[in-house]
Amino acid sequence: MYQPFFEISPRISSALEAIGQILGFLKATRIPKAYEKEYLTKVIIDTINSSTAIEGNTLTPSQIKKVVKGKKIIAMQKDIQEVKNYHRAVKELIKITKTKDDISEKIILNLHKIITNKLDINRSGQYRKQMVIVGDYLSPKPNEVLRLMKEFVKWINKPTPTDLSPLLYAGIVHYRFVAIHPFADGNGRTARILTKLILMKFGYNITKLFSLETYYNRDRKAYYQALSTIDKYRIDRKENLTLWLEYFIEGMLVEAERARSKIIELQSKSKQVPILLTNSQQKALVWFTKNKILRMQDYIKISGLSRKGAYKSLNVLVKLRQIIKVGVGKQTYYVLLEK
C-alpha cells in the first residue's frame with residue numbers, strides 16, 4: 001500500500017490557512033454576469049495553454065481560443081491536436097465528477113487516451129512497455145507499472161493519513177503519478193488533468209476560477225525543480241514530499257489570490273458590491289468542501305463563537321443565499337446552496 005512521507009511544515013500550514021480564507025470568499029462571491037462567461041473561458045484557455053506549453057506546444061492563447069471555438073488556424077497540426085485533446089479532457093472531467101464513482105485505472109487510461117489522441121504516441125491509453133528516462137530521473141521498470149498503479153489508485157480512493165486537507169492529497173497525487181510515469185509519453189499533461197480531477201472529486205469545483213497550470217508554466221524550471229527535490233532530499237530512503245507540497249500549496253495560494261483580485265476588479269467595474277464575509281463565515285464555507293452538512297455544534301467549534309453569535313453569523317449566509325437552513329430546534333443543520 002502506498003504511504004506518502006512528508007511533514008506539515010510552517011509554510012504548508014500558513015498557505016493552507018490563507019487558501020481557506022480565499023476559497024471562502026470565492027465560494028461566497030459571484031462573478032458579474034456581464035463578465036462571467038468571458039472570465040471562465042479565459043481560465044480554460046489559460047489552463048490548456050499552460051499545460052500544453054510546458055510540454056513544448058507553441059500555440060498562443062488567441063490561437064487556442066480559436067481552436068476551442070472550432071475555427072481553423074495556421075499552425076503545426078501536432079500543436080493543434082494537442083490543444084483539441086486537452087480541451088476535450090477538461091470537459092471529460094465534468095462528466096466523471098457527475099458519476100460520483102471512484103477514480104479507476106480505466107478512467108486514468110481513458111484520460112491519457114484522450115490527451116494523446118491522434119498524436120502518433122506509442123500505446124495511447126495503455127501502460128508503457130519500455131524504460132523511460134526524464135533528465136536525471138529513471139522511471140520504475142515496465143513490469144512494475146501495473147502493480148504501482150493499482151496501489152496508487154487504491155490510495156487515491158482511500159487516501160492516508162485520513163485527516164489531511166484534500167489540497168494536500170491533490171499535490172501527492174500529482175507527484176506520485178509523475179514518479180510512476182506509467183505512459184511512454186503524455187505523463188505531465190495526464191498528471192495535471194488528474195490533479196484537477198482530484199480537486200473536483202473532493203468538492204473543490206471553485207478551482208474552475210483559476211488555473212494551477214498557469215503557475216507551473218510561469219516558471220517551468222521551478223516546477224521541475226520542485227518535483228525533483230523529492231528524490232534529492234530522502235529521509236531513511238523514503239521519498240520526502242515536503243518541499244514539493246510547499247511549492248504546490250503556495251502555487252495554489254498565488255493563483256487563488258490572483259483570482260480573488262481579478263473578481264473584485266470585475267465587481268468594481270460593474271459596480272457590484274463585493275460580499276465581505278467574516279473569517280468565521282469563510283470557515284463555514286470551507287467546511288462544505290469536505291462535509292455535506294454543517295451542524296451548529298460544529299460551527300461553534302470551528303468559529304469560536306457563542307451559540308447566539310454562531311446563529312447570527314450563519315443567518316447572514318442564509319440571507320446571502322450561500323447556505324440553506326434545514327430542520328428546527330436541536331435538529332437544525334445547514335447545507336450548501338448549489339449554484
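Including glycine, each Cβ sits where the backbone N, Cα and C put it.
Sequence annotations record features per position, and here TrEMBL assigns site 'Important for autoinhibition of adenylyltransferase activity' to GLU55. Under the DSSP three-state reduction, GLU55 (site 'Important for autoinhibition of adenylyltransferase activity') is assigned to coil, being neither helix nor strand.
As annotated by TrEMBL, domain 'Fido' applies to 103-250. Across the domain 'Fido' (103-250), DSSP classifies residues as 91 helix, 7 strand, 50 coil.
The annotation active site is assigned in TrEMBL to HIS181. The Cβ of HIS181 (active site) lies under 8 Å from the Cβ of ARG128, VAL132, VAL134, SER139, PRO140, ASN187, each of these being in the same chain and 6 or more residues away along the sequence.
Sequence-distant contacts of TYR223 (ATP binding site), defined by Cβ-Cβ distance under 8 angstroms and a gap of at least six in the same chain, are ILE54, TYR216, ASN217, TYR247. The ATP binding site feature in TrEMBL is assigned to ASP185, GLY186, ASN187, GLY188, ARG189, THR190, ALA191, ARG192, TYR223, TYR224.
Most buried of the recorded positions GLU55, ASP185, judged by other Cβ atoms within 10 Å, is ASP185.
Largest Cα to Cα distance within the recorded ATP binders ASP185, GLY186, ASN187, GLY188, ARG189, THR190, ALA191, ARG192, TYR223, TYR224: about 18 Å as a whole number.
Nearest to GLU55 (site 'Important for autoinhibition of adenylyltransferase activity') in space, judged by Cα atoms and limited to the binding-site residues ASP185, ARG189, ALA191, is ARG189. Listed in sequence order, SER51, THR52, GLU55, TYR86, ALA89, ILE115 are the same-chain residues at least 6 apart in sequence whose CB falls under 8 Å from the CB of ARG189 (ATP binding site).
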